[in-house]
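Annotated in Swiss-Prot:
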- 67-107: repeat 'WD 1' (REPEAT)
- 113-153: repeat 'WD 2' (REPEAT)
- 156-196: repeat 'WD 3' (REPEAT)
- 200-240: repeat 'WD 4' (REPEAT)
- 244-286: repeat 'WD 5' (REPEAT)
- 290-333: repeat 'WD 6' (REPEAT)
- 708-730: zinc finger (ZN_FING)
- Cys709, Cys712, Cys723, Cys726: Zn(2+) 1 binding site (BINDING)
- 731-780: zinc finger (ZN_FING)
- Cys733, Cys736, His755, His758: Zn(2+) 2 binding site (BINDING)
- Cys747, Cys750, His775, Cys777: Zn(2+) 3 binding site (BINDING)
- His752, Cys769, Cys773: Zn(2+) 4 binding site (BINDING)
Amino acid sequence: MERMARVTTALTGRTMFCHLDAPANAISVCRDAAQVVVAGRNIFKIYSMEEDHFVEKLNLRVGRKPSLNFSCADVVWHQMDDNLLATAATNGVVVTWNLGKPSRNKQDQLFTEHKRTVNKVCFHPTEVYMLLSGSQDGYMKCFDLRKKDSVSTFSGQSESVRDVQFSIRDYFTFAATFENGNVQLWDIRRPDRCERMFTAHNGPVFCCDWHPEDRGWLATGGRDKMVKVWDMNTNRAKEIYCVQTIASVARVKWRPERKYHIGTCSMMVDHNIYVWDVRRPFIPFATFEEHKDVTTGIIWRHMHDPSFLLSGSKDSTLYQHIFRDARRPIDRANPEGLCYGLFGDLAFAAKESLISSSSSHDSNRKPYDRRHPIFFLRRPDPTEQFENISSGLSVFEAGGGDMGWFVATAERYALAGRPLAELCDHNANVARDLNRWQVAQTWTMLRIIYCSPGTVPPANPNHSLGKSGTSLPLLNSFNLKELPSGIVGESRLEHSKGDSRADSILMDPAAINNDENEETEGSDVPADYLLGDVEGDEDELYMMDQEQPHTEEQEYVLPQEGFPLRHEIMDNPSALDHLQEKADSPHVSGNEAETVSLTPVESFSLISISHALYENRLPSDFFSPTVRDMLCFYAEQGDVQMAASVLIVLGDRIRKEIDEQTQEHWFTSYIDLLQRFKLWNVSNQVIKLSTCSSINCLNQASTTLHVNCSNCKRPMSNKGWICDRCRQCASMCAVCHHVVKGLFVWCQGCCHGGHLQHIMNWMQNNCYCPAGCGHVCEYS
């Protein structure tokens, strides 16, 4: 065909694009880099690349009836025959196309052996008639285009095949990537089993590409947002480079003539194309930002020209990118870096000029030594390498930045296994020993808030008052005449509006003998309700009017001392005179003077009674918002240890006040710090005691135990403790002849052993091996 003529001149052009009729799924170029084929669900066309634009040359979707054979998931152009194309159809058919046919329909052969969608097709780089395909059904098939059926079928014994690529240097080798994260290497001469298999990614591996120069380098990309470069020349696949991206990696392509450059595009979210230098994986070397939707296919225009990149996208555009027009993120990046060390050290890296200028203002700091530069770089072509930035590194040791307190606190804290009061007291003592006074005070306040004082037994069952030994008779005897004269006194509670509350339980004898005084003036509560029945329980005397709401809020005059002092009970005539003066005061009504206040006076104090006369405690739920704010304060200050520890100790008392996401963030941060300091036991304890379900499962999902048969050394299956290969039980106890599933102890001389306790009991009475081998064993 005239339109398929080869172009032998040097490639020229500029950044250009053309609109397609439909979104593209894959693109491929011919050997001479003059034409490109675009394939998709509703498009299958060939374009020629002119100096400054694309020209449509051929539409391969012909026929009146639409066919799924034209719905392509992948397309490849043979690099040895310009007239040969292959497509992977979404209905599981592999189709070859012969552009040399004189008819309008260029379809050549159909291979219908796959049962599900074919994800990838690949021609052998040197064998004209060899075609390889990978499908969702988990099989890979090798076709000879001179035959109607496949010549080899490869079963990965795994999930869907995502990509297949022939090695450029090894004639018989190809690589396949799978949905479960594995990569397999196959020899086309041995379809029964793969040559090598290893887990490359955490999740599906969507793509792979062999290095065009180094025969042992294989690049892979997956859903875990990573691009990894593997060295396959060693006995085991070795990861030599890793690039972290911001989205799932859909395509990877090594850049020609640049050993360390690789191009990538994402499957979702990110529409840009990135070119990475795998030696500098933290920032892209170049980016192309022209596409407005997901990029589905990328390919370098010529295998020996690194300047032209072609791409197709779901935005129905086909682009040719010129490398000189690419954006360089390094030009807009901040060349300063800041990082905290594990033990509180602060490292700061900046431009050498910045450090040199700042050092002139700080004569005490040692200037940066130019004899030991951070980066030793050659003088490369500035358009093909990262900018050479000479940086200086300074390390600061901040005062008080030592993290020894964190380790000591984590190791000594008690989080469970004791009553709440003991946990709070223990943790307060730990914080106090480490001179963390605010933390110690916080634990003490938590004990006061959430632990009832009623659990503490009284020092004297007779409720002794003070140190003089004068005891207060039980109030249910109702003989107020026997009370000491220092107690039966006169006081008052000053009210803002003159109405008194029924808070008095001790009254003047004259008032008691007055039968006409049936109610306390200014109160709606009967006096006999306050005092209770003569034969009633003692606690009934302490009841307050908590059920009947008051119409007006009471206002009281607060005492001058917030915490009343405890006084001894003694006869003090001056106290009687003092009380009498208060009773004669014109500001006090008669009945108010007869009431006895709970506020302590100079001569005595009812606070000395071990049991409160009435319940003056607020419920612990009242303080929950305050405790929540306190935990948020510690978290904002960076002390997630305190926030996570209080969450564990208080449990359901405070968990409902804090949203699940915040709790998970605190626990995750604390566990990360513990693991950085290698406090594995404390970390596991926090995971087990965590109140978040997502945290509890951390040590269950990340722990894998591999067991090998002690006889044939082969890995054990998940079916039990019997080896499938040699049909013997693993790790039998020489004493009880059962499988040892826990600690196993054995003799280093004869290699027999068993359960730890069984061997200990056996060796107490015997010196020979319990297996009967005759060896003299010793337990130490």
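Any Cβ shown, glycine's included, is placed from N, Cα and C.
Between Cys709 (Zn(2+) 1 binding site) and His755 (Zn(2+) 2 binding site), the C-alpha separation comes to 17 Å. Counting only same-chain residues 6+ beyond the ends of the repeat 'WD 1' (67-107), those with a CB under 8 A from a CB of the stretch are 1, 4, 6, 25-32, 37-42, 44, 46, 58, 60-61, 113-123, 125-126, 128, 131, 133, 135, 137, 141, 143, 145, 303. Candidate binding-site residues: Cys736, Cys769. Fewest other C-beta atoms within 10 angstroms, Cys736. With helix defined as DSSP H, G or I and strand as E or B, the zinc finger (731-780) counts 10 helix, 10 strand, 30 coil.
Here the binding-site residues are His752, His755, His758, His775, and the one ringed by the most other CB atoms within 10 angstroms is His755. Around Cys777 (Zn(2+) 3 binding site), taking its Cβ as the centre, 22 other Cβ atoms fall within 10 Å, counting all chains. The sparsest Cβ neighbourhood within 10 Å, among the listed binding-site residues (Cys712, Cys723, Cys747, Cys750), is found at Cys712. Nearest neighbour of Cys747 (Zn(2+) 3 binding site) by Cα distance, taken over the binding-site residues Cys726, Cys736, Cys773: Cys773. Residues 206-214, 219-227, 229, 292-300, 302-306, 309, 311, 313, 315, 321, 323, 326-330, 333, 384-386 of the same chain sit 6 or more residues outside the repeat 'WD 5' (244-286) yet have a Cβ under 8 Å from a Cβ within it. Under DSSP, the residues of the repeat 'WD 5' (244-286) split into helix, strand and coil as follows: 0 helix, 19 strand, 24 coil. For the pair Cys733 (Zn(2+) 2 binding site) and Cys723 (Zn(2+) 1 binding site), the C-alpha distance works out to 16 angstrom.
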